[in-house]
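Asks: I have a structure I would like to understand better, so I am pasting it below and will then ask my questions one at a time.
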Amino acid sequence: MGLLECCARCLVGAPFASLVATGLCFFGVALFCGCGHEALTGTEKLIETYFSKNYQDYEYLINVIHAFQYVIYGTASFFFLYGALLLAEGFYTTGAVRQIFGDYKTTICGKGLSATVTGGQKGRGSRGQHQAHSLERVCHCLGKWLGHPDKFVGITYALTIVWLLVFACSAVPVYIYFNTWTTCQSIAFPSKTSASIGSLCADARMYGVLPWNAFPGKVCGSNLLSICKTAEFQMTFHLFIAAFVGAAATLVSLLTFMIAATYNFAVLKLMGRGTKF
């Protein structure tokens, strides 16, 4: 078998939807977790530098930020493992579907995995194919563990609902920083607003970031404009935007996973001719 033919067979058996979704998932989670972690750190510095001089005022906020950062560590680890499992499940179900439709130009791993669903035969032994059959046996064992695509569909559906809430929550800091930036623009260009510059403020207490008895709790006028011009504010604002984009990319990847897995499961269930799940 030539190299070109081998590559062609691998491409035919590859689950492209799962591959794209996996890449998008890893990219989105990395963007969300990395940028979100640094954005929370930047927010902590801005609060303690400009909005409150008393540590007790923002002690609870710091504890919440640190808790969210630990959650981010766990989220990154979980999605790395779950994304790899979903990719393996994509190879598994795609190989089984192609075998049902009579397309045997699948990869060795795809054949090994699909054998656990369709009851296909194992490869014929030979000295030259010893390594190939070893890989097939490993994939066959993996297929027994992955042989519940309906459960993967259910778990992915529940995870998508949870991540939809995460996506909505990731928009909150973007909204707060955007409002602050808009206020700064009004201060920088007073001709665009009828309000006096001194009355234009950013109040962290209004968003529940600080308690109402925090002092000063808000920054107004030219002081607020100077904060908006700092590199810390600009970087934190853009990091939250990047984290929001990462959450959106992860949501799209989960939807892609769910659609592809549901389609493959439906095909196997309806056309598997006695397939057992």
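Numbers here mean position along the shown chain, with the first residue as 1.
A Cβ is built for glycine as well, from the same backbone N, Cα and C atoms used for every other residue.
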Asks: Would Swiss-Prot have Gln56 on the same side of the membrane as Glu89?
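Replies: Membrane side for Gln56 and Glu89, as annotated in Swiss-Prot: different.
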Asks: In Swiss-Prot, Cys220 sits in a disulfide bond; tell me which of Cys184, Cys201 is on the other end.
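Replies: Among Cys184, Cys201, the record in Swiss-Prot lists Cys201 as the disulfide partner of Cys220.
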Asks: Cys184 pairs with which of Cys141, Cys169, Cys228 in a disulfide, per Swiss-Prot?
Replies: Cys228
Asks: Summarise the topological domain 'Extracellular' (179-238) by DSSP state, stating how many residues are helix, strand and coil.
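Replies: In the topological domain 'Extracellular' (179-238), the DSSP-based counts are 36 helix, 7 strand, 17 coil.
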Asks: Around Ser199 (O-palmitoyl serine), which residues of its chain at least 6 apart sit with Cβ under 8 Å of its Cβ?
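Replies: Within the chain, Ser199 (O-palmitoyl serine) has Cβ neighbours under 8 Å at Cys220.
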Asks: How many Å separate the Cα atoms of Cys184 (disulfide bond) and Cys201 (disulfide bond)?
Replies: 9
